[in-house]
Amino acid sequence: MNPLDQMISGGPPIGFDPSKISRIGILPRYANDEWKMKWFDVPGFNIVHAINAWDEEDGKTVTLIAPNILSMEHTMERLELVHVETGIITRQPLSARNIEFAVLNSKFMAKRSRFVYAAIENPMPKISGVVKIDVLKGEEVGFRMYGEGCYGGEPFFVAKEGGGEEDDGYLVSYVHDEQKGESRFIVMDAKSLELELVAEVKLPRRVPYGFHGLFFDALLHIQRLLRGTRKTKPLRPDMET
C-alpha cells in the first residue's frame, strides 16, 4: 500500500512487488498465543478484501473466498488450504470478470456459504454492475448491468425477514447516471437470475461513489438510539454486542 503514488502521480495506491511471495496466515479459533499461527506461501495470490472463510467438516481444510485483484485476470478464486498440517493448497477460479467489493448473506459469515455478490469493475475503477456467483459450483449464476453511463457503489445483501434459503433477500446499492446527473437507490431481487430490479428511488442530490455500504433495520436503529440514553436489553438476540 502506497497512497503517495496516487496523490503525487495519480497512480493506484496498491502495487505489486514480484520479488515477494504472498502468504496467508491461519490462526486457530481458540489459540491463546501468536505462535500457533501457521503461514502458507501462495504465489500470485493478492487480495485486498476477503469475502468469507470456513472450516470444512474434515477439520483439516480451510476454504477462503477472495478476489485475486492483482493477477492479470483479476479472477475471483476459491482457495482451499487442504490438510493444514502439510500446507497443500488448491485454487479454483470462480469468475474471470474484473470484480471486487463482494458481499454475502451475513448469516453465513465464517460458515460454509454458497452465494457471493460482487461489483463488476468495468471500466476500472468504476462499478458498472453486479454479478452473483455460486462458489460451490464454481460458476456465475446471474448478473445485472446498470446501463450505459450508469455506475454504482458496493452492493449490500439484505436478508428477507423469514427467508429460509441463503439467497432469500435483496441487493441494494446507489447508482449514478452520469449523463443525466441523477442518483438512485436501487433494490434487486438477489434470488432471481437477472437480479431483477424490484424498486428504485430517485434521490434529491448526488451520492458520490464510495467503497463500502451498510444496512441496518429500524429495530437496530431504535436500539442504538436507546443505548445513547440509558441501559436497555436488546430488542433481538442478534443485536447483542
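Placed from the backbone N, Cα and C atoms, the Cβ positions cover glycine too.
Residues annotated as Fe cation binding site in TrEMBL: His49, His212.
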Given the binding-site residues His49, His212, and counting only Cβ atoms in the protein chains shown, which has the most within 10 Å of its Cβ?
His49
In three-state DSSP terms, the structure that His49 (Fe cation binding site) belongs to:
coil
Three-class DSSP secondary structure - His212 (Fe cation binding site):
coil
